[in-house]
């Protein structure tokens, strides 16, 4: 047992967890205020905005941000980081052009959803923050990540409340507040970004070599991530269409945010740290790491999710207001699925480290289709549809845990253990 490594991992998780806890507390503490200022319909339109931007942002840098932690030389990591930023900027510019065309077309029909123009900006900010997060993961500066999450949560909520109480009580107030939070968070990350001051000359040839070396990121990991993002965001869009109103989507999006809070809190911190450990795992260590992350995540998650399932139907309407009764029932239905998500969120990184993105791509396709089909067929009863979706996804996640152990065992067997 490597005690120093283990204690270092625990400290790293603790650092990220602290930032996530504070950010989640800020979000939860301000939610009762926001839910009384803005209507379910406004939250539904915010969900539409976030769904569309997330679909693009997840592949804004073609997943090259994941490659930043992999090279042995820091110089190579800097080259990858710069390239990822340029790719993200190009994709965001394209998104801005497309949304501008859409807005102009809607203006001819006397509709003015000008907030669509913020999508390109939001895509770039999301991509750049993810790139910087992986740089700080490589350099193990987890405190910076925690600070940025706290600042983003505080600025987002504060701006949304201020706008809602003054000039923008519609969806625009929620959307502008979200983008302002992104801007400030990226500024915080850039202040601490030491890669910009490193004396690493720009080498086009070396950068292209690295992009080719990690070409599986855009070829296999990017489609996998896009499929996963389409599942989550497609769920939102199907609910909005199938249930017949943006308000129904608002109920679901609020429930998802509440139920996902403990999952994101635990899984996000563990994923960042264990990805770095998986990337640097020695011969014969990968299966042990997979077992460790799965066990620890389930142990930490069982109590908060059990409480969430028991209390949600009564607590959510009391917390958010009487117009959010359906959200409480949806939270209860989501808990089995999100509980197992805690254990499997870090495991997706295993397939990147093991260069088995093709296997994960096949699983992701099944994982995408199942909830979309269920929600479409049962759209007339949203709560029942969510229960069926949650149960089906829980079964699939149990299969993923078993698949992860198989992949880790094969990788360990292919790496000879040194006898020195």
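Each Cβ is built from the backbone N, Cα and C atoms, and glycine gets one as well.
Note: TrEMBL annotation is automatic and uncurated.
For 12-31, 43-62, 83-107, 113-135, 147-168, 174-192, 296-316, 336-354, 361-379, 385-408, the entry in TrEMBL reads transmembrane segment.
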Top stretch by Cβ pairs under 8 Å to the transmembrane segment (361-379) (candidates 174-192, 336-354, 385-408) is 385-408
Answer key: the stretch among 12-31, 83-107, 147-168, 296-316, 385-408 with most Cβ pairs under 8 A to the transmembrane segment (336-354) is 385-408
Spatial neighbours of the transmembrane segment (147-168) not adjacent in sequence (6+ beyond its ends, CB under 8 Å) are 19-20, 22-24, 26-27, 30, 33-34, 37-38, 129, 174, 176-178, 180-182, 184-186, 188-189, 192
Pairs 6 or more apart in sequence, C-beta under 8 angstroms, 3 or more of them: is that satisfied by the transmembrane segment (174-192) and the transmembrane segment (83-107)?
no
Among 43-62, 83-107, 296-316, the most Cβ pairs under 8 Å with the transmembrane segment (113-135) come from 83-107
